[in-house]
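Database features (TrEMBL):
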type    : residues                                         : note
BINDING : B:Glu188, B:Arg233, B:Thr384, B:Arg388           : L-aspartate binding site
BINDING : B:Glu381, B:Gly429, B:Leu430, B:Ala431, B:Arg432 : ATP binding site
DOMAIN  : B:155-458                                        : domain 'Aminoacyl-transfer RNA synthetases class-II family profile'
REGION  : B:211-214                                        : region 'Aspartate'
There are 2 protein chains.
Amino acid sequence: MPGQPTHVDWSLVSERTLVSQLQSREDGTVSVSGWVETVRDQKKVQFVILRDETGAVQLVNPATRPDPDGAEQDAAALALTALISELSTGTFLTVTGELKHDERVKLGGVEIKIATLEIAAAALPETPIAADSGLDKRMDWRFIDLRQRRNNLVFRIQTTLEHAMRTYWVERDYVEIHSPKLMSTPAEGNAELFALEYFGDQTAYLAQSPQHFKQMAQAAGFGKVFEIGDVFRADPSFTSRHATEFTSIDAEISWIDSYEDVAAMQEELLAAAFQAVKDKHGDEIAELFDIDVVVPTLPFPRIPLAEAREIVKARGYDIPRTDGDLDPEGERQISAHVRETYGHQFVFITDYHPEIRPFYHMRNPETGLTNSYDLLFQGTEITTGAQREHRIEVLEAQALEKGLSLEGLEHYLDFFRYGIPPHGGFGMGLARVLMLMLGQDSIREVTFLFRGPTRLAP
Amino acid sequence: MPGQPTHVDWSLVSERTLVSQLQSREDGTVSVSGWVETVRDQKKVQFVILRDETGAVQLVNPATRPDPDGAEQDAAALALTALISELSTGTFLTVTGELKHDERVKLGGVEIKIATLEIAAAALPETPIAADSGLDKRMDWRFIDLRQRRNNLVFRIQTTLEHAMRTYWVERDYVEIHSPKLMSTPAEGNAELFALEYFGDQTAYLAQSPQHFKQMAQAAGFGKVFEIGDVFRADPSFTSRHATEFTSIDAEISWIDSYEDVAAMQEELLAAAFQAVKDKHGDEIAELFDIDVVVPTLPFPRIPLAEAREIVKARGYDIPRTDGDLDPEGERQISAHVRETYGHQFVFITDYHPEIRPFYHMRNPETGLTNSYDLLFQGTEITTGAQREHRIEVLEAQALEKGLSLEGLEHYLDFFRYGIPPHGGFGMGLARVLMLMLGQDSIREVTFLFRGPTRLAP
């Protein structure tokens with residue numbers, strides 16, 4: 001009947017208690033919902049460990065087994081016992097029962113005596129993976145793998161980390177942008193690009209980074225921008241640090257004097273984010289990952305690349321790369337040096353040669369080196385940052401020098417023809433930060449659903 | 001030299017004053033940076049309106065023109081005057097000069113007398129667009145178009161809106177996910193899908209929504225999740241409400257009793273976000289868009305679809321669609337009814353027939369209708385929300401009924417075979433919310449860089 005459209009049936013709203021709330025609840029009737037982690041089906045008593053997104057609790061049921069002599073028995077009690085005996089791991093259910101605080105119960109000091117048990121969705125009896133299954137197998141069944149406490153914690157840490165970074169930026173009047181991932185021209189050259197047919201006669205490319213567009217925001221006078229979003233690399237490599245799709249954390253700021261303004265922002269940002277993670281999850285990270293999250297001190301150490309190579313060489317490692325860059329072992333060596341010398345997990349490596357940098361990095365006229373840096377965290381690169389070249393004639397010359405076609409860069413170069421401030425920024429891989437923070441071997445462990453050359457599902 | 005890597009040259013850090021800070025600064029030397037909005041080059045005095053990301057200020061220079069009689073003159077003053085005469089709109093520059101408070105100056109009551117003027121990047125003299133250029137032309141030159149105060153404000157509102165939503169969720173222990181955009185199988189059927197070649201022999205599809213994956217997070221026991229990210233629709237339509245790539249705001253929650261739990265969360269979320277926007281930008285929105293942002297009261301009105309159609313018919317509009325859904329005019333009519341009857345800008349339309357809903361919407365066994373809703377805001381749909389069918393046998397039957405192949409849904413259906421809680425969620429188009437909040441005619445006006453069938457650049 002018209003006339004009552006604002007009616008809400010509040011009786012439909014759940015009265016579920018989260019497992020984390022049980023300890024502070026008084027003894028009495030509660031209702032909990034989660035999934036079956038284990039069942040101990042003993043002759044006289046049954047125990048179920050139920051886990052939800054906040055923790056695990058022990059459910060108990062005094063078993064009522066069919067009387068071998070056929071004596072009359074409570075049908076409901078028999079049915080409940082049989083139901084529990086048949087529960088498979090992973091089954092999602094709701095239990096109502098009597099909460100009792102009991103310090104003898106190791107798991108949280110509480111227990112629930114089951115009164116009613118309602119199955120929401122029963123799991124097939126054979127779980128296809130276990131906690132110790134191989135990584136590839138676990139990724140096939142990622143939604144089961146993610147039920148592990150450690151894996152669940154990863155994404156709560158991710159949530160805290162990102163929110164702390166966005167809060168840092170929002171409090172400083174940065175503008176959040178969502179740049180398009182479909183582009184008419186490649187952003188950073190032609191390598192590692194996914195191409196697709198776009199309405200018949202056009203070719204679109206998937207963005208490898210928001211580089212073009214965060215620079216466009218500078219020409220637009222946005223001042224300071226950030227974006228946390230997906231980028232795509234048709235990168236056939238199978239290392240533990242590479243993915244074909246990943247979440248990139250990007251910022252770009254106007255009116256900088258050098259890349260130092262960018263580096264100073266990034267180190268503050270990371271310190272704030274690590275502090276938030278330590279405050280909220282430090283104890284759990286220590287328990288589940290055996291890691292003490294270290295909030296980095298400011299400023300982070302800075303070492304010019306040429307000097308870093310000398311230090312690495314003096315440590316006995318001769319970098320085979322001939323282009324002047326560090327290789328992964330060189331990154332580990334210089335990070336070990338920084339850890340030993342300055343007690344720091346981070347280091348900015350600065351002053352890269354233009355040959356190993358994109359055309360749009362600004363160069364220092366005195367040294368001929370770029371105004372750019374890489375940020376290493378615990379031995380692995382997580383970021384490239386730079387002051388950008390904003391002078392159109394210099395930018396064009398640098399593009400030509402790299403063998404790029406100016407026609408292919410037409411839209412990008414337009415951004416510099418109608419006025420643009422000096423600017424710079426960085427891009428940082430979210431999964432790399434999480435991997436290194438949690439001492440993991442692979443970004444696959446800290447990615448919700450990894451995508452690689454042979455991994456497009458589930 | 002090694003040994004001083006932590007050295008930061010703080011003299012490199014800018015001492016720029018933002019225009020918004022000038023009013024509270026004492027008279028004296030200041031440095032401002034921004035772009036030239038207008039130049040008034042009068043014979044005896046020159047005025048430049050300089051805009052930065054926080055506002056606009058008047059710069060003034062007493063003109064020194066070449067003496068026709070060749071009298072000796074201050075060369076620096078002559079050069080500065082000539083430089084200002086040649087300034088083109090959009091040129092980015094830094095001016096140092098004497099700040100003076102003067103209530104006769106309409107623009108903020110302050111003025112800066114130019115001492116030095118340094119051009120960062122000169123704009124070409126002919127700006128290709130004006131504020132009143134056509135939409136398509138403005139989109140060709142979006143980075144210039146975005147310099148307009150109104151357009152800049154849109155993205156500061158976007159920032160506030162999103163941050164308020166994320167904060168609402170984070171405070172309630174939601175987990176932020178980044179679901180993959182590259183998929184091996186279509187998420188919602190085969191229509192409107194972008195396909196691409198993935199490492200030679202595979203085909204990848206671009207996600208049309210995070211639907212599969214936010215449901216996967218429920219099977220993973222994440223409880224409550226959100227994602228704000230890009231989705232892709234190979235949709236050839238040219239309406240003001242459609243794009244081929246857009247930012248989708250998604251949430252999904254476990255252990256719901258009905259779609260009411262989802263709707264109740266969404267209305268609270270929107271009220272919190274609108275409140276944040278009104279608090280931070282209400283005055284500017286009133287000034288630049290002539291709109292009073294209304295924070296919606298709770299609960300939003302709810303009207304079953306069949307009833308909504310009756311109301312629309314009674315208002316004199318006979319919906320031509322024969323599938324039982326509303327059409328755009330029907331949406332406007334029911335929203336007008338709600339505005340007139342309840343004074344509300346939002347309305348949940350509920351109880352859609354399964355024929356016009358995806359197979360995964362749960363159905364009410366009594367009515368045969370789906371446990372789902374659309375949310376209309378000011379006459380336009382911004383959201384579809386629903387309780388999902390989590391019972392695998394029902395889900396498969398509903399998929400088959402829609403003519404879908406179970407093989408194509410294999411990975412998705414797996415999520416339901418190893419336990420999953422009852423759950424539901426919604427997806428909401430960011431640009432639609434902004435468009436309607438700001439009374440704009442097209443999502444193109446509130447999208448950083450719009451993508452459509454004929455729009456893939458810049």
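Cβ from N, Cα, C; glycine included.
It should be emphasised that the depicted structure is a prediction, and the values quoted were computed from it without experimental measurement.
Feature annotations (TrEMBL) mapped to structure.
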residue: B:Arg233; record: L-aspartate binding site; contacts (Cβ under 8 Å, 6+ apart): B:Glu192, B:Gln208, B:His242, B:Ala243, B:Thr244, B:Glu245, B:Phe246
residue: B:Glu381; record: ATP binding site; contacts (Cβ under 8 Å, 6+ apart): B:Glu331, B:Asp374, B:Leu375, B:Arg432
residue: B:Thr384; record: L-aspartate binding site; contacts (Cβ under 8 Å, 6+ apart): B:Ser372, B:Tyr373, B:Asp374, B:Phe426, B:Gly427
residue: B:Arg388; record: L-aspartate binding site; contacts (Cβ under 8 Å, 6+ apart): B:Gln215, B:Tyr360, B:His361, B:Met362, B:His423, B:Gly424, B:Gly425
residue: B:Gly429; record: ATP binding site; contacts (Cβ under 8 Å, 6+ apart): B:Phe246, B:Thr247, B:Ser248, B:Ile249, B:Ile382, B:Thr383, B:Ile443
residue: B:Leu430; record: ATP binding site; contacts (Cβ under 8 Å, 6+ apart): B:Gln158, B:Leu161, B:Glu162, B:Ile228, B:Phe246, B:Thr247, B:Ser248, B:Ile249
residue: B:Ala431; record: ATP binding site; contacts (Cβ under 8 Å, 6+ apart): B:Ala243, B:Phe246, B:Thr247, B:Ile443, B:Val446, B:Thr447
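Here the region 'Aspartate' (B:211-214) has, by DSSP, the following mix of helix, strand and coil residues: 4 helix, 0 strand, 0 coil.
Taking the mean position of the Cβ atoms of B:Glu381, B:Gly429, B:Leu430, B:Ala431, B:Arg432 as the ATP site, the remaining residues of that chain whose Cβ falls within 8 Å of it are B:Arg241, B:Phe246, B:Ile382, B:Met428, B:Val433, B:Leu434, B:Met435, B:Ile443.
Once the Cα atoms of B:Glu381, B:Gly429, B:Leu430, B:Ala431, B:Arg432, the listed binders of ATP, are compared pairwise, the greatest separation found is 12 Å. Taken residue by residue with DSSP, B:Arg432 (ATP binding site) is part of a helix. Neighbour density for B:Arg432 (ATP binding site): within 10 A of its CB lie 23 other CB atoms from the protein chains shown. Confidence across the domain 'Aminoacyl-transfer RNA synthetases class-II family profile' (B:155-458), taken as the mean pLDDT and rounded to a whole number, stands at 96.
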